[in-house]
Amino acid sequence: MGLQAGYHIYMEREPQGLDGSHTRREMKICPHFRLLGLCNNFSYVVMLSAAHDILRHEQASGNQSHADPGPTPISPNSSSRFDCNSVSTAAVLLADILPTLVIKFLAPLGLHLLPYSPRVLVSGICSAGSFILVAFSQSVVTSLCGVVLASISSGLGEVTFLSLTAFYPRAVISWWSSGTGGAGLLGALSYLGLTQAGLSPQHTLLSMLGIPALLLVSYFLLLTSPEPQDPGEEDEAETAARQPLIATEAPESKPGRRWSLGLVLLSHLLTLQGLLHYIIPLVLVYFAEYFINQGLFELLFFRNTSLSHAQQYRWYQMLYQAGVFASRSSLHCCHIRFTWALAVLQCLNLALLLADVYLSFLSSIYLIFLIILYEGLLGGAAYANTFHNIALETSDKHREFAMAAACISDTLGISLSGILALPLHDFLCHLS
């Protein structure tokens, strides 16, 4: 039975306990969250994989079909040792993330209180619109508008579905994370594979229009409504793990539990304060990895291989997403509580690759491939374990808000990386 349009009635009752046991119903629900995660992040990933092609379109005058230009010419700036686009691929990153950042900042302020079904419908429509607009675009500006639609779709969907996990068994978070990782791998691999097979970027994007439709089918027709769970099903260890380690309580104003606006805001601020030791490491992880992805990938160009510049960029994106998928799918067997360690390791990755771009001491593209795969593993592990830890450490009453608030962190880190990557691109591309 599909979710009803008025599903928001569940918002008025306290979220039920998140049981990690593998019940029959749980195993029926969890795959749907993996499918939702895959469909939700797909357009976002494809736009990043197509970033090099989107910006090359500006230089390829008269290119009506967006065909793969093959080996890319040396940058118009002949004094540069890099093969640079006139605009950094970080521009695509910013178009793909800033609308998401706005949505996620609005989420804790009340967006998460809106009915779920209209939000999912808007997300699906924007995802389809992004593929169509970029495919038929004749300018970079129009293409970036299509990327913005993909960002709105991904951001709105992530806030919606992560909040939705508060009403289902805790295990759905692992499946959602695995699905978002799968979106990265499938999105990057499908774009790489179809373009490598000779399909133009335009036709490649149009062939992906079935994904937004699958998102809507998954939510409206396949996902079942949440049901009250029997507290007796939880064992003592699980109950203890779910205690509110993050302080969230504010006093109630009346026995009827009708809080004043001030008390609700106080409760949210206390929750947000308790989340900072997870939010800050995730911000750092995503800042470092997207600074690499959209600031350095384009500059890690090897001329002594059979791969063109555009093909190398697509391979980087695909390997990164493969690492993300593997680590986001490993939560059931590898739980990391101290996520700050992942932030440190990712920042070391950034320092290593930034030094290589400047000094060119890594002579093999295959070594770069391994580093990028490792980068993806760290990023995926940080995302999955952060939300898993938050689910464990927040009370049922505040889990929905906590999930909506915490998903600001990755987007904030990505946005900061895009802003700083733009001037870095200009600086490095003018080096002789």
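One-based numbering along the chain as shown.
Here the Cβ of each residue, glycine as well, is placed from N, Cα and C on the backbone.
Record features (TrEMBL):
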type: REGION; residues: 59-80; note: region 'Disordered'
type: TRANSMEM; residues: 87-107; note: transmembrane segment
type: TRANSMEM; residues: 119-137; note: transmembrane segment
type: TRANSMEM; residues: 144-167; note: transmembrane segment
type: TRANSMEM; residues: 173-192; note: transmembrane segment
type: TRANSMEM; residues: 204-222; note: transmembrane segment
type: TRANSMEM; residues: 261-287; note: transmembrane segment
type: TRANSMEM; residues: 338-359; note: transmembrane segment
type: TRANSMEM; residues: 365-384; note: transmembrane segment
type: TRANSMEM; residues: 404-424; note: transmembrane segment
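Long-range contacts of the transmembrane segment (87-107) within its own chain (CB-CB distance under 8 A, at least 6 residues past either end) are made by residues 44, 47-48, 50-52, 54-55, 58, 140, 144-145, 147-148, 150-152, 154-156, 158-159, 163, 290, 293-295, 297-298, 313, 404-405, 407-408, 411-412, 414-415, 417-419, 421-422, 424-426. The highest tally of CB pairs under 8 A with the transmembrane segment (119-137), across 204-222, 338-359, 365-384, 404-424, is held by 204-222. Proximity of the transmembrane segment (144-167) to the transmembrane segment (338-359) is not established, fewer than 3 Cβ-Cβ distances being under 8 Å for residue pairs spaced 6 or more apart. The list of residues near the transmembrane segment (404-424) in space but at least 6 beyond its ends in sequence, with Cβ under 8 angstroms from a Cβ of it, reads 88, 90-91, 93-94, 97-98, 100-101, 104-105, 107-108, 111-112, 155, 158-159, 162-163, 268, 271-272, 275, 278-280, 282-291, 294-296, 383, 386-387, 390.
Taking Cβ pairs closer than 8 Å, the transmembrane segment (338-359) reaches residues 277-278, 280-282, 284-285, 288-289, 291-292, 296, 299-300, 368, 371, 374-375, 378-379, 381-382, 385-386, 389, 428 in its own chain, all 6 or more past its ends.
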